[in-house]
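Heads up: the structure comes next, in structure tokens.
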Amino acid sequence: MVVNNKVDSLSYDVEAPPAPNQQGSSASAAAAVTAPPQAPAPPAAHHQHHHAVLELHKVSLPERRSTAKALRQRLAEVFFPDDPLHQFKNQSSARRLVLALQYFFPIFQWGSAYSPRLLRSDLVAGLTIASLAIPQGISYAKLANLPPIIGLYSSFVPPLIYSLLGSSRDLAVGPVSIASLVMGSMLREAVSPDDQPILYLQLAFTATFFAGVFQASLGFLRLGFIVDFLSKATLTGFMGGAAIIVSLQQLKGLLGIVHFTSHMGFVDVMRSVFKRHDEWEWQTIVMGTAFLAILLLTRQISARNPKLFWISAGAPLASVIISTILSFIWKSHSISVIGILPRGVNPPSANMLTFSGSYVALTIKTGIMTGILSLTEGIAVGRTFASINNYQVDGNKEMMAIGIMNMAGSCASCYVTTGSFSRSAVNYSAGCKTAVSNIVMASAVLVTLLFLMPLFHYTPNVILSAIIITAVIGLIDVRGAAKLWKVDKLDFLACMSAFLGVLLVSVQMGLAIAVGISLFKILLQVTRPNMVVKGLIPGTQSYRSVVQYKEAVRVPGFLVVGVESAIYFANSMYLVERVMRYLRDEEERALKSSQSSIRCVVLDMSAVAAIDTSGLDALSELKKVLDKRHIELVLANPVGSVAERMFNSAVGETFGSDRLFFSVAEAVAAGACKPQP
């Protein structure tokens, strides 16, 4: 009997949980089910069994849309989830022009309210990160097998461009260790930077240009979700392995070795270190070890007390100054120095870009890989500090800003740059307010390029190695890996595979493994969706997983299966096979407990976000198989898009409205009221 969507009576012959023993534990006691009181018997016109009689609701279809409208809405959801044009609605033409300028050039948005108070904060932050950017720029250029001056060039032009186009207030732009390492290792396999320095430089600039084109294209086409294919787990393993490889590579500078392997693998590096033990220089070892210890100590001090951030921020520049003075006084031939660096601003390099020849494929591949890595780091850092300061960073705008920055940089003697985590952390700690801190940093680098370059002549290479090791050692996230093991073993496997791939084979192979495992994990989740058997929570009308909720009890004669994924061609047959396996297990369970056999299978579709034609065919196939066994198949709570596709296909006619239900409880109630076959 239908009465106002209330339960008239509940008399499911549910499988009761085992009774607790005399000393029963609290867990078993909680699992015991007290049958709800029975309402008066329904009229004789109904079946003699007392079942829950619910008001049955019709499954509604969403509003009918034309094909063009449906496609337009779908594309808008994929490419414009943030609705960037919303701010232009109901605005005058002049106001729209202003909003467009602010959208493409965020400096017009925050610049209009800029004040001397903000300038003081940005000035302090900019000078602080400049003290870190100058030694890091020189060191990271060395890591990419480029002349040290290229690192300073890359710390001048890109920050100026980003300050105009970027939407992050805290991001400090410049070369980063991972992109430098990948570019250096990939290009060095084809061209020796020592034997063919001009060609190597051309390839580096060209790869930077392609990285910028790739990054800007992702932003312009709003395809930023592609970067998300590098999961946090694989990045943790990749960056940890890369950090160890980078650190081992610096043994050349720390030990004073002249002839060192060009390979990046752990075994090759360690073999080269011990094979060339006769080239070790004790003066270099003493200086390198001492400054490395000081840099690591200052890092620990700042980590334990964030207010003392300036200690670790200024330590690299202080180390460069002190070691340069010591090297000048000592003038030992056993300690190699940077040498003469050209004075002046960035020379143009557009004429060095090469788009033909046998190395084009290499530069494109290098550009895409370094572009992905630098984008991942830059956007992650930008979003991290934006969340701390409670403002929004537009990922697609950031991609365009970083891409244009690298394209312009490749024409101004710069290589791949992005937002650096270490410099951004120092920038934030120093109290930056806007992107003006990048302009201040670039100005400090400009002064260095114009007037201070001769001072770096006696800077020891060993101090650059110590700075690099200090910078990258923070990328080794042991706690993060341990957390992955605790939370998700598959993520931990992906992490360790990427880590060992970098460490034992090569950086490129490690990155390829990281991407491959990420894609494999996605395919695994798509092809093998999670499905659960559900039972009734006593005292409610809710059906939940019997594995997760021990108090959930099965309804005899019914198999309730929850599908927790979209149903596509890749997993449609798995759906059929899994339901049949559940059916077999439940029938065996019913036989052992002398209960009625399964007469109805209820598919809970509430978590099925989408379905394609293969999925619809699979449901039809499952229905045919179950019909032959005189078992009814019904669907509960299909979402709008799924119901729409069902009714627009022959599957809707196959199931009919009498097999679609508003909820699992209504499906079970309706099935319980039907006579058993």
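Backbone N, Cα and C atoms are what each Cβ position is placed from, and that goes for glycine too.
Record features (TrEMBL):
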{"type": "REGION", "residues": "13-49", "note": "region 'Disordered'"}
{"type": "COMPBIAS", "residues": "21-36", "note": "compositional bias 'Low complexity'"}
{"type": "TRANSMEM", "residues": "146-164", "note": "transmembrane segment"}
{"type": "TRANSMEM", "residues": "199-221", "note": "transmembrane segment"}
{"type": "TRANSMEM", "residues": "233-260", "note": "transmembrane segment"}
{"type": "TRANSMEM", "residues": "280-297", "note": "transmembrane segment"}
{"type": "TRANSMEM", "residues": "309-330", "note": "transmembrane segment"}
{"type": "TRANSMEM", "residues": "350-375", "note": "transmembrane segment"}
{"type": "TRANSMEM", "residues": "435-456", "note": "transmembrane segment"}
{"type": "TRANSMEM", "residues": "462-480", "note": "transmembrane segment"}
{"type": "TRANSMEM", "residues": "492-520", "note": "transmembrane segment"}
{"type": "DOMAIN", "residues": "548-671", "note": "domain 'STAS'"}
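Looking at which of 146-164, 199-221, 233-260, 280-297, 309-330 has the most CB pairs under 8 Å to the transmembrane segment (462-480), the answer is the stretch 233-260. For the transmembrane segment (233-260), same-chain residues at least 6 beyond its ends with a Cβ under 8 Å from one of its own Cβ atoms are 143, 177-178, 181-182, 266, 269-270, 272-273, 276, 279-281, 283-285, 288-289, 292, 334-336, 376, 461-462, 464-466, 468-469, 472-477, 480-481, 484, 488, 491-492, 494-503, 507, 510-511, 513-515, 517-518. Secondary structure of the domain 'STAS' (548-671), assigned with DSSP and counted as helix (H, G, I), strand (E, B) and coil, comes to 62 helix, 21 strand, 41 coil. Across 146-164, 199-221, 350-375, 435-456, stretch 350-375 shows the highest tally of CB pairs under 8 A with the transmembrane segment (492-520).
Taking every listed stretch (146-164, 199-221, 435-456) in turn, the largest tally of C-beta pairs under 8 A with the transmembrane segment (350-375) is reached by 199-221. Annotation: stretch 146-164 has the most Cβ pairs under 8 Å to the transmembrane segment (435-456), among 146-164, 199-221, 280-297.
As a whole-number mean, the pLDDT of the domain 'STAS' (548-671) in this prediction is 88.
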